[in-house]
Amino acid sequence: MKAKLLVLLCALSATDADTICIGYHANNSTDTVDTVLEKNVTVTHSVNLLEDSHNGKLCRLKGIAPLQLGKCNIAGWILGNPECESLFSKKSWSYIAETPNSENGTCYPGYFADYEELREQLSSVSSFERFEIFPKERSWPKHNVTRGVTASCSHKGKSSFYRNLLWLTEKNGSYPNLSKSYVNNKEKEVLVLWGVHHPSNIEDQKTIYRKENAYVSVVSSNYNRRFTPEIAERPKVRGQAGRINYYWTLLEPGDTIIFEANGNLIAPWHAFALNRGFGSGIITSNASMDECDTKCQTPQGAINSSLPFQNIHPVTIGECPKYVRSTKLRMVTGLRNIPSIQSRGLFGAIAGFIEGGWTGMIDGWYGYHHQNEQGSGYAADQKSTQNAINGITNKVNSVIEKMNTQFTAVGKEFNKLEKRMENLNKKVDDGFLDIWTYNAELLVLLENERTLDFHDSNVKNLYEKVKSQLKNNAKEIGNGCFEFYHKCNNECMESVKNGTYDYPKYSEESKLNREKIDGVKLESMGVYQILAIYSTVASSLVLLVSLGAISFWMCSNGSLQCRICI
């Protein structure tokens, strides 16, 4: 009995088999991604697809400075408000920046017809030529062109008027009928602006135009309108009870525009030959101008990013990422990051891909850890790692390329009377934005799930590759590890890793060692059977002796009567 127990203990203590484990890389990364099934999965490597930073400045777009309107708005700039004089020399720009609460617009109160449409037209203009459509000194010889000034458009403390319009008044006690035409020979669209004055009383009408009833007619191929002044008392705005309504039209190349009036005409002085630039736009921003360059400008600031998505602002100008409402869009490129505690088991095995990854393997994503008499070490499987890197890199680049449709997205213009239309447009835009956000998030979730499954599959394939080579020359001991039935030196280990393991060479040694181990198992089973029988017999004898002693004691003190019948 003692000899058999000694054999078992010696067999267990002498076992120090060579092992090889399959596992994957782990590191100290704290990157987390979401998948379809899980949230906040820690991974070894990932790429961010969502830009959330900007510089807070207005920058040059592709080397061209923007037109910063400062204290002026579009109306003040294009009409020629004298307080916007510094802007008149600007001929080209990358985009137009307007502040939310600009002070200088229409200095003389009145209605600006189709103002939102004009803004929309100017948002696609990148430069223009400002020219005299009707020169001031020689176009109106029978009308006064200097007395049409007002305190509401004062400049440097003096009454003045718009720099692109002329207020024609009576001259020498009369206001003759006028007729003036312009033929567009600029070979591009020309923006023409004019106004109609509406006095507050008949006395002003007679004083300025020398007649009670007047009209203004403007005609071109695409425009035909006749205006009649509306004389009425009105509340004073900027000290004025009168009003000027402002109008505009786009004159096509070769077209003619004709002005006829017998009073109340605010005549064009300067017009604009427009050059369209579809990368331009108008943004409303409080950001300050800086000496910087960008490819994408938002009202919040410039974005310099090649990422496909951004969550900074929906209004963008230039080559910009698509705006989404997401707060996180991170795509996994590496593996699940679950570093294992590398503790030695009974046979010195390192925890494999089941418990977690290896921080000791730094030169690849998947690989091996071996242990034999010559030592132990990690080695990456370069082929499977490189194939995985190539596949995932191509996938990430493809996703970015497909989703990275960079473009300008400017806000639409609506006047105060079009509130219902603006609300409807906002709902439509919100719907499209929700769809874009959903599509972007779903794409990332699905691709993350596929990538992690792809890595799991690669580790499993590597495991099956080793298993198919070793066959019954080794046994699976869990944790992604195999224990050899034969001695496997470094050359042998290398052959397993590169797929050239010689199974027949080691099969005889493995067979003998398997039989020895199986014999030890049989011997140990015999020992366990003897111990079980001995334990059963001994327990039965103890039980019988105990029952006999109790019975004798009870009979001796009368507690139990014993009768023997013959």
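Heads up, residue numbers simply count up from 1 along the chain you see.
Glycine is treated like the rest: Cβ placed from N, Cα and C.
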Annotation match for N-linked glycosylation site in Swiss-Prot, from ASN27, ASN557: ASN27
Per Swiss-Prot, cysteine bonded by disulfide to CYS153 (from CYS84, CYS107): CYS107
Selected from CYS292, CYS320: Swiss-Prot disulphide partner of CYS296: CYS320
CYS153 (disulfide bond) CB neighbourhood, other CB atoms within 10 A: 23
ASN27, ASN304, ASN498 as glycosylation sites, winner by CB count within 10 A: ASN27
Residue from CYS84, ASN104, ASN144, ASN172, ASN286 whose C-alpha is spatially nearest that of ASN27 (N-linked glycosylation site), among the recorded positions: ASN286
Reduced DSSP assignment, ASN40 (N-linked glycosylation site): coil
Those recorded positions, out of ASN172, CYS296, CYS488, that come within 10 angstroms of CYS59 (disulfide bond) at the Cα: CYS296
Spatial neighbours of ASN28 (N-linked glycosylation site) that are distant in sequence (at least 6 apart) but have CB under 8 A: PRO339, THR359
Sparsest-packed among the disulfide-bonded residues, when each Cβ's other Cβ atoms within 10 Å are tallied, from CYS72, CYS84, CYS296, CYS488, CYS492: CYS492
